[in-house]
Ligand SMILES: NC(=O)c1ccc[n+]([C@@H]2O[C@H](COP(=O)([O-])OP(=O)(O)OC[C@H]3O[C@@H](n4cnc5c(N)ncnc54)[C@H](O)[C@@H]3O)[C@@H](O)[C@H]2O)c1
Ligand SMILES: CC(C)[C@H](C(=O)O)[C@@H](O)C(=O)O
Ligand SMILES: [Mg+2]
């Protein structure tokens, strides 16, 4: 029996509701495939602020340091929006990403045929959409210095700095090219090189890395055009490589192509195997506590956790196959169900977790 330590940080809003479903699925995989998953819960974000007075308590940081992988729900909400920046719930997430050196954020975007009507795009544009956004996660505007609010001669101003080193760009570019090798062999590097100095360095470094991957086609695209191309012809993309802020914005946009932001998982990785896994959506305060949130982004994040941090490919596939079948059979949470004639049954967050568990078990026993 393999022992893996998994830290689970439910966080705020719908975080605990969707994480509960992810844990159900993880435990099911543990039982079926005989893995000893040692699951330990920690406080983060607003939940930690309320209980411990800080967004990332020391115990949580230590738990994450010791863990093989971390599963996170979401952080933030209106209750904590007026706190100073170092006390905000979101700061905890940024500290985890930075502290654990998780510079590569992988966000796969996949079209499920039964979700064509849930998507705001026309069905003919959706066929063949299978792309992945590789977002740089520990640099750029999020972390560049100077940063802050200042006052000088009675004038108030604020600064965020877009900062990238050659090495930061090189290591994330390598991640994108390696991924493309096992996919459709195309990398679209997204920048704003017509205006930004960091983007000009980005383009130069990406070009250099590309020369070591002659089997991969590289194209450069400005971020404003990319935002447009994503809705005009999303099937043209394979791997989208981009910096932190652009990746944040483009991935929310790409998410709705799949029918709902609730569908998209993510993996944040560094040099080693340890990773942080979370759905790309936030704490969704407007639907928190209603048992209607879509937990599939979190459940699919568990699949990524198994694949990337624990190297359990068969187990990861079991979850992804189950999700695909659940959707093909028409089970949908409210975000997918509305105006979708392919939907057969409206299910709650809890029910969706239970159905995925059933499908994982069913497929496992069928193959036995
Ligand atoms: N990784 C994270 O923890 C993370 C990510 C994004 C935003 N946030 C935080 O979350 C809070 C709310 O942010 P926001 O409203 O801009 O973004 P959001 O992603 O929380 O919500 C945007 C919209 O999508 C819907 N939505 C999100 N997830 C859903 C799901 N699983 N199922 C069904 N519908 C879903 C919401 O109901 C809302 O209408 C903010 O405090 C923000 O900082 C956290
Ligand atoms: C909550 C916030 C800090 C975070 C980000 O901007 O990276 C979120 O939007 C995300 O996409 O993971
Ligand atoms: Mg985001």
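Backbone N, Cα and C atoms are what each Cβ position is placed from, and that goes for glycine too.
Keep in mind that TrEMBL annotations are predicted by a computer and have not been checked by a curator.
These numbers come from a predicted model, not from an experiment.
Listed features, source TrEMBL:
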DOMAIN    5-356  domain 'Isopropylmalate dehydrogenase-like'
BINDING   77-90, 282-294  NAD(+) binding site
BINDING   97, 107, 135, 224  substrate binding site
SITE      142  site 'Important for catalysis'
SITE      192  site 'Important for catalysis'
BINDING   224, 248, 252  Mg(2+) binding site
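Looking only at the domain 'Isopropylmalate dehydrogenase-like' (5-356), the predicted model's pLDDT averages out at 97. Per Cα geometry, 142 is the residue among the recorded positions 97, 142, 192, 248, 252 nearest to residue 85 (NAD(+) binding site). For residue 89 (NAD(+) binding site), the same-chain residues 6+ apart in sequence whose C-beta sits under 8 angstroms from its C-beta are 11, 12, 44, 45, 46, 48, 49, 55, 75, 76, 77, 80.
Considering only the recorded positions 192, 252, 284, 288, residue 107 (substrate binding site) has 252 as its nearest partner by CA-CA distance. If you check the binding-site residues 81, 224, 248, 252, 284, 292 against residue 192 (site 'Important for catalysis'), the ones with a Cα inside 10 Å of its Cα are 224. When Cα-Cα distances from residue 252 (Mg(2+) binding site) are compared across the recorded positions 135, 142, 224, 288, 292, the shortest belongs to 135. Screening the recorded positions 85, 135, 192, 248 for a C-beta under 6 A from any atom of ligand 2 leaves 248. In the shown protein chains, 13 other C-beta atoms lie within 10 A of the C-beta of residue 224 (substrate binding site). In this structure, 248 are the recorded positions from 77, 85, 89, 192, 248 whose C-beta falls under 6 Å of some atom of ligand 3. Maximum C-alpha to C-alpha distance over the listed substrate-binding residues 97, 107, 135, 224 is 27 Å.
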